Amino acid sequence: MQLVANIIVLSAIYALISCGYVLIYRVSRVLNLAHGELMMVGAYLLLMTASFTSNPMVAIPVAAILSLTMGALVYLLLMRRMTGESVLAAILTTIALGILLRGLIVIFFSAAHQYPAVPLGIHSSSVQVLPGARISSLSLILVIVTALVYASLFAFLRLSRWGLRMRAAGQNPLLAAQRGINLHGIYAMVWAIAMFTGSVAGMLISLDAGLDQTLIMIGLKAFPAALVGGLDSLLGALIGSLIVAAAEVLLIQYVNPLLADVVPFLILIVMLVVRPWGLFGTREALDRV
Amino acid sequence: MSTLLTVENLHVSYQRAITALTGVSLSVDSGQIVAILGANGAGKTTTLRAISGFIGLDNARVTQGSIRFDGTELARRPPYQITRQGIALVPERDKVFPNLSVHENLEVVSSRSDGAERARLQDLVYTHFPRLGALKKREAGLLSGGERQMLALGSAIVCAPRLMLIDELSLGLAPVIVEEIVEHLKSIRTDLGLTILLVEQSAAVAFRLAERAFVMEHGGVVLSGSSAELESNDAVRNAYLGTGSEGRRSYRDLAMARDKELKA
Ligand SMILES: Nc1ncnc2c1ncn2[C@@H]1O[C@H](COP(=O)(O)OP(=O)(O)OP(=O)(O)O)[C@@H](O)[C@H]1O
Ligand SMILES: [Mg+2]
């Protein structure tokens, strides 16, 4: 039972992070390899707001709004210049952005392990979720948040006018523009949402476990989850996260704990060989990576 | 009748190297249906795309010239602004969103019109193309060529355009379908007071639908006139209708024919 609970928590973490990869890829065909760093920046934004106020009901929403804004700015100031350039150039730009952010974080916040939960007075307690299984209260919140985020994303993409425009822009950007849609607005919005969901994940993880640059590793491990499901499918990201998390937890338990950081990428490689477009992705989607 | 669209001395190049248009000039009066004819590669598609706005995606640029629509300069504006000014394009390829349903395709617009206006235009589309009404929930990627063309026309109409640009109206369609589409297009034009500029390979269809026509060759306009004038022009008959006395001649002869006319 404890194993099941652990798998659910870990897959919720991966799912909350990997939807950012999927959203950006699906709408603009860009693979955002700075997603792990952006997620870490989100967590540091919380550390920053926590130094101004000790009220988590202020600090967390303010940090979340800052991350939303910053996501849009990343597109408008940087990625916007990459439209019309090759996809490879765009991906390289995200890698460079990631490295730059790592450096800036060390300069502004130091490389030390820090705890945003302390100034906010948050103490994680342990709750019984299943018979014989306990998880931390923050993990429980994370699972609930992930469920909420996915439910709203599905509803947003299926039912709202803006969601429809996003799907259209992902399928044929030029035609979307000729239907009166401002592509830069759509892309800025999707970068903002991706950074927002990633940052929420980063904040919740760092409230539970503290914060330093190793957070990027978790962001990177969510990438195989997105790819296993198929990079352009949200449902795929959800199921891919479950698969990667289950494999990781089970192998740690029964084989060797040192495998933790290796398993997701092992799955990634197997997947790329067997079915590169993922479980739920469209086959042609990957041609454009 | 007032002039709605004026294109003057338009130069366009792809990838800064391939020159596709070398000084196209044409004008369209409001309320007219105007056709562009010309050989493959003459620059017809490029002309329509330049009017509806390029986007950085395939590195095409207007290097010279002007496009004025109802007094506003459009060259080098992004396509979404041009659509909101009232120009809608039915492209040659990739004209619908394949993974959206038929109805969703008619919903994806962001135009000057409000929700009520959009609903009215959608109704108009469904009345003129009842086949689309029956396929509302179908994914657009699964439609036949004719249905897809109707949907593409429909989604351009929902943009509430004043000028509609149609690239290759009849390409790949059975004659009966073309007939049907042409009839509906004519009556929609009257309903909405539309102006239409269309590219058409079949001169027979073009002359039947359009009041005026421009003939393009090698990135420029070589002939223009009313449909009746062009239809009786020998060079045009030879090149496009295959009914001249000397058999089919090369398109280049059109330019010579025009020069002869000018000298005469
Ligand atoms: N995306 C592109 N990149 C580079 N060159 C292009 C591109 N599109 C068109 N061209 C070139 O520009 C010229 C004009 O092409 P255009 O598509 O406008 O012709 P067209 O008159 O529409 O021909 P068709 O009747 O075959 O559709 C051609 O020489 C073509 O090779
Ligand atoms: Mg063409």
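Even glycines carry a Cβ here, placed using N, Cα and C.
Note that TrEMBL annotation is computational and uncurated.
Feature annotation from TrEMBL assigns transmembrane segment to A:6-24, A:31-52, A:58-78, A:90-115, A:135-157, A:186-205, A:225-251, A:258-278.
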> Per the definition of 3+ C-beta pairs under 8 A with sequence separation of 6 or more, do the transmembrane segment (A:6-24) and the transmembrane segment (A:225-251) touch?
Replying inline: yes
> Counting Cβ pairs under 8 Å that sit 6 or more residues apart, are there three or more between the transmembrane segment (A:225-251) and the transmembrane segment (A:135-157)?
Replying inline: yes
> With an 8 Å cut-off on Cβ pairs and a sequence gap of 6 or more, do the transmembrane segment (A:135-157) and the transmembrane segment (A:186-205) reach 3 or more such pairs?
Replying inline: yes
> Sequence-remote contacts (6 or more beyond its ends) of the transmembrane segment (A:31-52), Cβ cut-off under 8 Å?
Replying inline: 17, 20-21, 24-25, 58-60, 62-64, 66-67, 70-71, 74, 87, 90-91, 94-95, 97-98, 101-102, 105, 108-109, 114, 116, 119-120, 191, 194-196, 198-203, 205-207, 211, 213, 215-220, 222-223, 231, 289
>> Can you see whether the transmembrane segment (A:58-78) and the transmembrane segment (A:258-278) are touching - at least 3 CB pairs under 8 angstroms, only pairs 6 or more apart in sequence?
In response: no
